[in-house]
Each structure stands twice: as C-alpha cells, then as structure tokens.
Amino acid sequence: MLRAARWQSAWAAGSSEGRCSKRRSAVLGGAPRFLRFPRPVRAVSGADAVLRCCLTGAPAPTVLWEKDGQQLEASSRLCLQTEGTEHSLLVREVGAPDAGVYVCRAQNSSGEAYAAAALTVQEPSEAPLEGPPVFLEGPRCQWVQQGEDVVLACQVGGQPEPAVHWEKDGRLLEDVWESSHFSLTRGPAGDGSHALRIRGIRLPDAGVYVCHASNAHGGTVAAALLQIQPSAEAPLSAPHQGQRASAGPGQGPAAPKSFWVSEGKHAKFRCYVTGKPEPETEWHWEGQPLSPGRRRLLYRDHDGGFVLKVLYCQPSDCGLYVCAARNTAGHTLSAVQLHVREPRVRFAVPLEDVEGEEGGAAVLECQVPSRGITTTWYREDQRLLPGPKYEMGEAGVMRRLIIHDLEADDDGIYLCEMRGRVRTVAAVAVKGPITRRLPRKLDVLEGENAVLSVEVRGAKVLGRWTRDGQELPASPRIIQTSSNHTHTLVLVGVTRQDAGVVTFSLGSSHTSSRLRVKCMKQVPPGPPVSVELGTGCSNAALLSWKPPVPAPDTAFTYRLERQEVGTDAWVQCLTTEAAGMVEVPGDGMPNEGDYRFRLCVVSEHGQSPYILFPGSVHLVPAVQVQRGLQDVCVQEGDDATFSLELSTSAQGAWFLNGAELKAKGPESGSRDEVQGYLVQQHGPHHSLLLRATRPRDSGALITFLCPGVHISATLHVQEAPVRIVLPQEKVSIEAKSLEQVVLLCELSRAGAPVHWYKDGLEIEESQAMVLENEGLQCRLVIPAAQPQHGGEFVCKAGEDSAFFMVTIKEPPVKILFPQDQVCVAAESSERVVLSCELSQAGAPVHWYKDGMVAKESETLLLERKGLHCHLILPAAQPQDGGKFVCKAGDDQAVFHVTITVQIVQPQDEMFLTAVTSERVVLMCQVSQPRALVGWYKNGMEVEESKYLVLESEGLQHRLVLPSVRLQDGGEFVCSTRDDSAFFTLTVTDPPVRIVSPQDMVSLASLSSERVVLKCELSRAGVPVRWYKDGLEVEESRTLILENEGPHHRLILPAAQPQDGGKFVCKAGEDSAFFNVTITEPPVKILFPRDELQFRSPGRVELRCEVAPVGARVCWYKDGLEVEASEDLKLGAEGPIRTLTLPQARPQDAGEYVCETRDEAVSFDIRLAVRQFLEPEWISVVEDGNLELRSEGTRRMLFIRAAHPSHAGNYTCQAGCEPAAPTLTFPVQVSEPPVKVLSPEASRTGVRCAPGRDLELAVCLSGPGGAVRWYKDGERLASRGRVRLEEAGARRVLRVRGARSGDAGEYLCDASQDSRIFLVSVEEIPQAKLVLELTPLTIQEGDDATFRCEVFPADAELTWLLNGTAITPCNRIETSQNGPNHTLTLRCCQISDSGTVTAQTEGSESTARLHVREAELLFLRRLQDARTEEGQELSMEVETSRVGGQGIVTWLRGGKPLPEDPRFSVVQDGRVHRLIIHKVMVSDQGIYCCKSHHDRTQARLLVRPEQLKVRHPLEDVVVTEGGSATFQLELSQSGVTGEWARGGVRLEPGRNCQISAQGHNHCLVLSGLGLADTGTVSFTTDTLRCAARLEVKEIPLAIVKGLQDLEVIEGDSATFECELSRTQADLTWDKDGQELSPSPRLRIQALGSRRLLQLRCCGPKDAGTYSCCVGNSQASAARLTVRKKEVSVLQELKPVKAREGDGATFKCTVSQPGIPGSWQLGGRVLRPGGRVRIRQEGNLHSLALSELQAEDSGEIQFQAGQAKSSTHLEVEVLPLQICRRPPREKTVLAGRRAALEVTVSRGGGHVRWLLGGVDLPPGPKYEFRSHGVTHSLIIHNVQPTDEGTYCCQAGEDSANTNLLVESE
C-alpha cells in the first residue's frame, strides 16, 4: 500500500461541476441520490433523537419526512433542518408512540429517491433485547492542527453490553503510543458512549482509526479518518552543507553511503526508525525537504520502514538524500549519496515537461542521435500504442508523441526509449478540475485499510466515488470525506470483494485507480500423526489418530476418505473436528471388497498432506430398505403394482397371503398366466404386478423377503364408481330468451342415481325445468328459458360431476358507430364532442375516463338523443385529455382525447441581444390561463433567484433578468406539455466609450516641456491604441504609455517640435482626438517696444534688442527685405541687432521694420517734410455708389468704388427736426499709389557686357503711373545713349553701347515704391550653380518643389526629370527670381519618383525625388452585421484615397478568405466591398479589412435560416375511398418534420405515403373514409402548416355481388359482397328468411367487404342466399352441399395386454378432418383420465393407459359413414402385498397398535388373522382400507393381545409379532 510519510490527505465529496453538465447530469441525470443514508437510532424515552441523511440532485430536491405513511410537519417536537446537502429530523422528548420507521423522501423534476431508518424507544428501566452491537453514532472524520487535542467519540448499543477497543491503521493503540499520549473514556453505565482522547496531536498520528465493538452475538466496526495540518514551526532539521549523517555515540561523522543507478532506472531508499513516541520522519534532498511528486514517492512499507522512491532517475536527481527523524526523546539522521550513471548514447534533445488543459492536447518531442533509430513510448510502466488517443510521429531524428483529449489520468511521467533501454523522461501536467489524481494502482493486504485521496481546483464541490461503475454508498466500512480542495475515500478492512477500479468523478473529469487486495500468505496445517487401522468388530474398520504437531492456530477439521482396493477413486467418508477413534461400518459400503483409508487436516489456510492408514480391511455392505413397500389401492379390474428399492442388489421372494410367487431369475420376469402376476428385479429394484384385481382380492397381504429384510403391504380393491362419460369438460351454453335449453349427461352405466344442481341448490322438477332419464342419458330441459334461468348447473352421479354454464341473454345492444378507436386532438378551451350511436334506444350507457366512471359536471356534459349518446367537454383543458370509453352492454367504443396547450406568441424563435446590466424580459403567451409552463436554459430547468424572476399573469408568462450578466446568455425555452418557444439571448459587455475628452483637444506647448494626453474610458481593462498622424505609436524613451484603471495617458517627457501632430486614442469603436503643437520659445523684442521715427538726415542707425540672444531677425524697408551693402550695414552683437545708413539720402526715407519670428518693431525715417493741403468740405450728394444701411440702432453709409469726387464732409442727422442731432464724417479719397510689381526684389544686380545695350525694366501696378530714373542719385532724362520708354505699365531704361562708366546704382522711383538696380559693366562669367538641389521625400499627392541658385543671375537653366527635359504644363511649373530658379511638380504620383536635374552650360546639380505611397486610411469603417442564413451580405469600407486593385486585404478570423465562389471583392473608387453570397452559419466570425497603414474589423453573426413556407398546404376534398395528396414547399431543403391528421402523427404505411425531395414535402393518403375528415398538418421544430381534408360520403350501393358456391359436407362456405362504403348495415337472407349470427354462422364486416361464413356445412345449409343494404339488393347466389364420402383405409388391429399396461389403437380414413368417435364395449369414450384420443389429418388414434380387467371388450371407431372395430383383451394379475408391516412391533399397554400393508392393486380383499383365526371387526379391531392401503387398528392393547398377526392378500401374506410392554 502506498502511504505518504505525512498524512496530507483530505476528504471525499461530490462536484457541483458534475451537476452543472445537466446537457451532460442528465448524462448522470439529476434525480435525487443519497450520499449517506439515515441510520437506525435508539433513544431512551424522554431524550432527543436525530435522524440524519445526506443527498443531492439537480434541481435541488424537495425533502419530506414520513412516518406510517403520513407526512410529518414541523412542530414544537419535530424540527426539520437542512444545511446544504445535509438533512435531519429532530424528535424532541421521544416516547413510545414515536417509535417506528421514518422515511426520508426526496423529489425533483428528474425523479424520486427515498430511504428509511428505524427509531427504537427504550424505557429507562426496560432491558433491551439481546443482540449484536450496533453503532448508534460513529466517530467523525476530523482535520486538526498539529499540537491540538483530539477526541474521537462514538455511541454503541447492544445486549449484553459490548466490549470496545480502538485501532490505528490496523495496530492496537498500546503498540503505537505511550500511555500518556492517549486516554480512553466511557460514558455512564448503559449509555454506550465511548471516547478516545489524543493529547498533543503529532504528525504520525494521522491515519484511520477503527473502533471495534463485540459481544457474544457478534461484532461491528466504525471508523474515522484523522488528518493533521502541520504547524508553522521549523521542519525537521536537515544536514547542513558538508554534514552527512549522524554517527553513533563516540564516533565521528561517517561518510554517507553511495548509491549508483543507471539513468532512467528507479532508486529506492528505505529508512527504518524506531522510537516511542513514534518519531516524525522527513526526507531531504540537498538540504531541502522533499514532498511527494510525480517522480518521488514517499510511503511506509508493511514492516514499518520509511521509503523514498525516485522514479526514472535523471542526472538532476543526483545529490545527498537524508532521512531525518525526531520525537520528544531526540532526533537522528541517515544519509545516502545518489549517483546517476549516464548512458554512452544519449538523446540529442531530451523531452521537456509540458502542461495541457483537460480536453486539449499535449505534445512531447525529442531527438534521437541519428535517423533510423526506433523508439518506444511509455506512460510510466505502460507501453503506449498508436491510436486515436496517442498519435506518434517521426520526422528525421525528431520523435513526437501527441496525447489527444487529455484527461486527469493522463497526468504522469512519459518516457521515450530507444535501444539499450536509453530513456528520456518528461512529466505531463493536466490542468483541469482535478489537480492531483489517484495513483494508477494501489496494493493493499486483506484486512488493512485503503486510503485514496484526490485534490480538486474548486473548494466545496461535490464529487462521486464509484467502484467498477457502481456508486460507493457511505457505510461503516466506506468513509467519504472532503475538506476544502481535498477528497478522500477510506475502505476499512478491505476484503477481496473490494478489489476493482475505484473512480473519482467530478463533472466530466474523472481519475481512476486499480485497487488490488493481496491475501496474506498463510501456512497450511500439518498432517495428523500416529494413524492406526484396526478391526474392532466384524464388518467394520477401526481408525485412530492424534492431532498434528504443532496444532494449527485456527479452527480445523479432519477429512477421512476411503478407496476400494483395485480402483483409483477416493471417496470422502466423513469429517470430524475431534481427534481420536472412528469406526467405519461395512453396512455403508457400496460393494463388498477390501478398503483402505487416508486422512488430512483442513483449515481456512489450506489443507495438509494426506496420511495413508497402513493396511486394508474387508467390508461387506448390509441390505437395507431404501424405499419400502406401500399399500396399493386400485379400482376393480385395474392392475396393482408393488415395488421396493434395497440398498444393494440382493435376491428376494414375493408372497401373496403367505403363498410364494415364483420368479425365473433375479434379472428377469416370471409370468403366471393363470394367477396373473409378474415378478421383476433390476439390480436393487424389485417389483410385483398383480393384474385385473377383483373385489375379493381386497385385503390381500403382499410380503417381500430377503436376508435381513421382511416387509409387507396390503392390496385394496374398490368397486368401479359410476362415471359421467359425456360431457368430460365444462359446457357453456348461450341462448336467447324463450329458447329451449337441453342439458344432456351420459353415464357409464344405466340406472345410477343422478342429481341436478343449480348454483349449488338441488333442482326440483317443475314446468320450468323438466328432468328426463333414458338409458345412459340424463337430460334437464328448460322449455322456455328466461334470464333468471341462467347460472351454473351440475349433474352429479356418484363421485363424478358434469358442469354446465347457462347464459340466457336479451338481444345484445351494439355500438354501431364508431367501430374503431377514435383519436381526437384539440387545443385548450376548444369544445370537444364524443358521439356514440347504439343499436337500441334506451339501452344503458356508461362513460369512463381512464378507467373511472365519468361523472357529469360543469366541465363534462352527458347528452342522449335517441340512438345517439354524446359526451361534451365545453372548454377542454389539458387535464381533460385521456382515454374515454363509451360502454353499452358488452360493446364499447374507445376515444383517445388529447388536449394540447399551444404557445400563441412567439411563433418563431426569438433572437435577443442585450448588454450587461440591462433588464431583459422573455415573454410567452399560451392558449390557456392556468397552463403549467416550465422555463429551461441550455436544457436545464431554471430556478428563481435575485438574478432571475419568473412571472405569470393570465395567459402571459415572463422570465425577467433584472440585471443581465454575461453568464446569463444562452438558449431559453418556454415549454408547455405540448409546445415550446425558443429564445436565444446573447449578452455582451456594453461597448467601451471614451468618457473624456468628448471633443477634440488642442494642446500647445513649448519645446522641451512635458506633454500629457489623458483619456478616460467607461471601464477598465480594455485595450487602447494610440495613433500619431494615422500611424500607431510605439512606446520609447521619448513617448511613454501609461494606464491606471480606466485612465490612459500618453506622455511626451521632453516634447520637440517634430513631436507635434494629430494624436488619436482609440478604444473599441470610439476615439479621442488631440491636436498637439510644439513650438520653440517665442522670440521677443526687448527694445524698442514702440515705433520710432527718425527725421534728421545724415548717418542713421536703427537698433533693437532681442531675446533670446541667438534669435534671427529680418529687416524690411517699405515691405521689402533689405540686404547689406555699402550704403546699408546690418549688424548683430549679442542681443543687439542694428541697421546702419552711413549717409542717409532722400531715397533712404521710408518705413524700416525689424521682424523676429514672433514680433516686429518699425522705424519711420523721413528725410524730407511733405505738406498736405486740407480738402474742401463738400455736401453729401446722392448717386448710385452710395448705399444706406441700418442694423438695429446702427446707421451706415457705404461708398462703393470710392472716387476722389467722393471726398468731403458727410453729415448724419437723426430725425427731421431742425434741432435733431447730427454727426459729420470728413472723407478724403486719394489716387491709389503706384506699386512696382516686378522685379519683386527691391535691389537687383544687373551685369552687362561692354558694348551691349543695358536694359533696366520695371512693371507698375497701373499704366498711368509716373516714374523717375536716377543714377547714383542723379536724375536721368531721355537723351543721348539713354532712352526712357513706356509701354503700358512697363517702364524701361535703355543705355545703348554700355561702357564701364555706365556702371553704378540705378533707381526707379515711383510715387509710393521704388526699385534699385546695381549695374556692373564687365565680361559675363561662365554660368554655374551656386546653390545645389536638395533631395526630397514626399507622400503621394503632395507637391514637390526644387530650388537652385545660378551665377550669373541671367544664366540659362534647364530642368530634367529622369534625364528628360521638363516642359512646363498644368502639373509642372518653373519660375525664376533673379539667380533663384524653382521647379514645382504638382500632385506627385509614385511614378514621378526619380532624379531631378538642374543643368546650366557649365555645371549641373542632381537630387533624388522619392514619392512615398500615401497612407491609406479607412474613412468609413466596418460595422458589425447580422444576417440570416442563405441571404446575401455586403460589407464595405471607404478609404482616404483611391487605390489600385488589391490595395486592401480581407481576412476572416485572422486568416485570408477561403477560395470560395461565394466570396467576391468589389472596388468602386474609394469604396471597397466584400460580398458573401448565400451566407452560411459557418461564415460567422470576425472579418477584417486592412491596408498597409490601417485596419478595421467587425463581427458577423449569422442566424440559422428561418424556416418559411413558400407554397403552403391547400385544402383537399375527396370522395370516400379516394386518395388525397398534400404538397408543401419550404424555404430550406433537408428539413425533417411530422405529418399529422387530426392531431395524430402519421407513419408511412400502405395507405400513407410520405416523401420529401429537396424543398418539397408530399403526403399521399389513400383509402380515405369519412372518419378521416379533419385537419392535416405538417410540423417542424419551428413551423406548422395545416390544411383541411374533407371526405365526402359516396352513395350506398353494392359494388360486387354474390357468387354461387359448391362445398363438400363439413367444409366452410363464405359468401362475399362489397359495398360502396364501409359504414353500412347489411341484411343476409336464406330462402327469404333473415339470418342472424350463431356459432356456425358468422357475419363479418371488413372495411367495405361483407362476409357470411357457414362452418361445417351440412345438407340443410343448401339453398339460396341474398343480401341487401338500403334500397340496393345483390343478386341471389346458390349454395350446393355435396356429401363427403369417407372410407377406412387401415382397419383397427386387436390388442392383448396385461393389467396395468397400456393399449393403442389406430385407424386411417380417406378424408382428413373428419371427426370420429370411439366406443369400448358399447360405451362412448371421452378424452381424459386413462383415455387419450388424437386426430392428425386422416389418422385417428386411441390410447388406453393402466388397463383394468373390465377394459376387455370390443373397440369400435366411426368417422362419418366409415366404421372399424376390433377386440381388446386384458390379462388380470394376482393380488400381492407390496409393503409389509414390521416383523416385530412393540407397543405400550393401553395404547393403540396399527399394522399397515400395501397391496398390488386397489379393490383387493385382505384378511387379518391372529393365531390362524380371522379377526372380527368391532370396538377392539378396526379395519381400514384406502385404495391399495389396508390397516388393522387394535385399540387398548393389553398383554393378552400379544401374538403373531397375519395379513393375507390372495395367496400372499405378511406376519407381525406384536409385543406389549407395561408402562
């Protein structure tokens, strides 16, 4: 037996998981089941008594307590309690009336269970009846903490008072513990209470405690399991590093032993520790405590040793193993060093431990060193073979084992072994409800306790223990306990019957262990000694012996056997328990011969060797009567047989009244024809046959004599009584009123007195009953029978009787309609009418329902109108359904009524979707207000709770889920007895929402600041994704993602400008948007803060101070950016920025602006003062350009297209009064300033080659603008080489033949604008690129701009793209501004990617243009969709741009769509669609559409296609006998349904053909009758379609007439006609006389066929037959009856037989089936008794048994006209005595003496003689005869009556010597 060193087991119970598989309990089923039955209780009067039981069931059962068939209710004395699965009944202050049997009955919807227990009440002074002990209360299993005190208490009853002792694990407590550790106490005398107290519980104290109770009448046990929770104190000390093992006293540390084991083998260490108190023992490995595991077993063997077994050792198991033990006296250690020897060849890759979920799969893989190496897989010591469970594979050097459908028992060690027993080991852990399984096998010695323990994942769950599939009930020997996660089964004192497979089940999970019970090897007893054989007396063997040495410990017996010398067989003689001397007489030997003997000893432990007695002895068997003679009583003429059986074969002689009857030999028979006897012998059997006994033979004494045997019997012969020959059996006669009834009785002889009886009273002759006698015949005639004349008549002649049952009937009442059973189906509240038509009006009618008389009430009405009877149910209810019977006379009509409750709403299955916490109401409306409705969820009936409420109101029934939860989803069924409604509820979590922010959040921050984006969700635990500019972000040092409950944050610890952008927080389908702008710190101008004006000419310096120091500024003059030159200096020193005009000139006047990125300051420099004339004030003049407007209190005057003429004062006057307030507005309108449009730059450098014309041109904003040209401050005029030209808005200065003196600064001055040209006259240098092109990377659709700068500015530049010159167009623009050239490519495409080149005459610059594909985002995303099976579904998305084919990918369940023509992908611009044709249920799932930059997904739910009717059933009208076809087309194919007619299900048959093909269903009904009218329906699970079938009656007529018939006399004749319909009355006539049914004439109706059958036709049946129905009459038919010619083919043969033998006569006639009659001596023979008459075809036979002398005579046989006769001769045998009285008989004086003999036949005469003188009958001597037995009774025997009494029977006699003793 495997036992843990420390008891850590727990208790056994059941599993709530197992109850929850009621889709699987049902499996188990949910019927109530007793986990613990109530036990009998004995209580003293006045005390309290408690009956307890434990039971379970699903749903929870209702528990009732009953006594004497009456249910018990709670009261002041009765308390009914329930705690979980525990139920109890408390009876307070019990008294004598409370005694009895109490029944606990548990019921639920799945079934019922009950158990009973007796309560015995004893009076305080009442002495209990003696009997074996009974535990009134046993000890309870406990789980205690180490160090606590424990009390195990029990109460035992029995008389005499039983003795009690305790054991722990099969050992007495005194042998285990010291006396101070425990104490035994008992309660008051007669109480029966006993207690075991254990002080300071220790870990070794855990185990099974058994209390034994015994007295003189027997014994019993009760057990409990004690489990100990270790305390928190330090474990047993283990050796420190370097310490090995403890040494003995006075010795130094000893080196530990070394133990070597090969890898993969087991290592077993055993440590034997003794001590008192029992020590606590632990094993350590490398200083760490060891606990039991898959590869480490810790247990204690039968010898008390502590064993550690390391299974399948691995190199990792090497190390120091220490066994540490301690008790209060000290501690000790023992150590061993384990070494694991590795094999030469190893696995390249060993196995690794794996885990798997129960029901899943586990994969083990390893690699062998090379290919071709075969491997074998094992689970521990069991070899695994490939199959559905274990899949084994090889791939090169890889070896794989896949374990499918993991179960709890699959948890364990798995090995892969290659040649040389090289192994690799791994553990497979199966995760499931059972966390620690049972051991695969458990070996227990017979008589020990078996403990099985498992651990489960859930606490307080219920499991089930079974053995070999049978549930283990709780009993004193079977303990089931549970504690938290541990369940334990204890079998106390196991026997061989306990062996088997023990299984613990928890729902669908289970674990098993094979329990093997081993018997203790016992030594058989030794043989007996000193055996001797002697002959104590003649014909006997004297045997003596002595007991074996040593004597056996257990009870034993001696077995003695004999053997006949010369044979091989030994036969048992006797068995005895005492040694000594035995005499074996020879009388019991089967045969005479030499015999020898042998002896052995037998006990429960076996049998000793046989000891042969020396020598042999000759023994002779004695003759004894095994079966003696019996008196024989026969009737006159019968044979008498006397027989006996001896113990052995011996010769003897028969005597008849003292005369010997000779026989030829012992094995043959002797026959004396004259005397008529037969003597026979067969071995030990002797018989004497006396033939044809006569009355004078009565009293004959038959005697049998042989050595040692003298036995007699008497023959009694009785006169043959009168017998009734006819009838032999009871005769039943039925007649109608006024008919004559004749009862005929034929006797065996004439003149015998006859008595007639009616109903037990003798009949006196009268006019109503006439008695007649004629020869052998006696008749009772009733001339005009009346109903009161019916009854039982008996004709009695002598001891024989004949019985007649006479029934006088009125014409029977018949039920004409209906003839067959009628099935009626109706819905609740409908009116149901059951109708019956009788053959007679006024006949009594009785209605029955389900076997009970139907009584009229408000709900059941009985009506009668003439021949019609009605039973009406005005508003039928379901309980009104059943079997109704209308009974009239002996006829009845049966109606089967079914009332169904239909569900009105909903008609179709309902699909509901809800989110958690919503209130969900499922409503079902039925057709009946008080209909019984049940609600089920997923196949299990629901129970009301706070989460589920059931409501009913009238026709409506509701199931309310006040706050729906996820686990509440599933299929709900509202079910009545006949209909169901289905609801599918899907519960989902509410979609996650972003609580804040609700709107877009814009954040602006400075560079390096910490930016936090916050998002709060509606619930925690929802995944959140963050996106930046459309791309999902990844966490890094610069971007941190945090979440805390529903709060999520994106943190930029040190934001940079590039970190700005559009951020999106997406949770589910909701999003929050953040616009983040990161800017550099603002650049501020510290001085000056305001605008400054400078008016003085000369040197002008403009100064400003900026912050920060390195900020960049730009200077502008009159809006144009200035550049540093000789006349304008720009400076920067620290925060100071300066603009210096060394010598300010008039043209330098203007507005100068110093601008930073964020601020600007202006300087106004005026070098000349201008005067402005004051405008003239003019009055307001109305014209078309003036518009007056008013807005509320505001008044406005608008001047459109102001012109200088509009200048003046405008006055607004409020009102028309002269004193109205006015407001004047002066308006000045000036000409628009002339601006220079090109060149754009304020300063332009111009290079001109000497000799060429210098041309300077500007373009003004208007054509009329005037300009002035200056050169180096001097105004130019158009003269000489200088020409000033105007062309529209273009102004040109042309200098012909430029010279070096023409170089300088040229100024074109307009009124409000100016341009400067810096002209140099020199040779034009070679063109070159000053500023190179920069590579660009842009997104598709963006613009690309390339810039370069050339020198000189007028150098020509050519742009190329991929080596091809670029021509400007709509998408391509080129521009030039001085030396700056620009190329712009609009709306770039990916095809535009390539090389852009700027090329001049002398140089070129190249840059790469990379057009990146634009992000494809989904503007319209996928939405969850629901559809129905078979429909077409389109799922679409809209992208941010138009893409090419395949730019998006569609997925289902994360995998590409299957290649299925039902799936098609369509693109329409930016819209992409997935179209699913003919959607199937398997198509539902998660669909995803993704691009390279975005993805969207949605769930598709597919409801099974709702079954619909495309073409419904149509009403059909047919005539009676025709066929009707109903066709139905459904929306789905392959649908199974039921056809019904009138609510009764139709099955295929001869008249009903049902077919289905695709969507079409067809029903063909043929042979229809009027009763078939009704509703025909087709019903599926969710659909019902019905139509009306109407069968019209066809005109009544005879379709097929009668035919002439010719039959042979004795045959049957059948006339047949056919009617047009089945229900019709037909009248039969013969020769104009109406026929009525009789035993020979049967009238039948088979559908529309009508039959007239005549049996055993005779000549009088010939004639003309006709039939008529209504007004239709069939043509007459003629019946001709021919006589049957019968002749004898084989005559009777004469028979000669002896008295007592049998005789058989056979006769064959020419025609079979002809009845025959037999006569003997003119007396008709009837079957019965000794007469057997048989007829087989044309063979007739007569068998007579036990022939008598009077049977001799003529045998006659007659069949029809055929006759045959013969003679029977019976030989009579002499009278003999078969059983004789004893030869000597002793009686007491004054008593009665009886002598009895049995003769060979009845009726024989015997004589009784004393001293040769006949004894006279009288008070002294009484003669008795009964059959073959004759007795002599001698009353008041006196000594004078002594003498020899002789009984003579014929020639035989028997003598008895009577001896009289005085009292």
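If you go along the chain as it appears here, the first residue is 1 and each next one adds 1.
From the backbone N, Cα and C atoms, a Cβ is placed for every residue, glycine too.
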234-257, 1386-1409, 1818-1841 - the one TrEMBL records as region 'Disordered': 234-257
Local confidence of the domain 'Ig-like' (990-1079) - pLDDT mean: 87
Within the domain 'Ig-like' (906-988), residues counted as helix, strand or coil by DSSP: 3 helix, 47 strand, 33 coil
The domain 'Ig-like' (1081-1164) touching the domain 'Ig-like' (1414-1501) per 3+ Cβ pairs under 8 Å rule: no
Range from 343-426, 1232-1320, 1325-1410, 1595-1687 with the greatest count of C-beta pairs under 8 A to the domain 'Ig-like' (1081-1164): 1232-1320
Secondary structure tally of the domain 'Fibronectin type-III' (524-622) (DSSP, helix then strand then coil): 3 helix, 51 strand, 45 coil
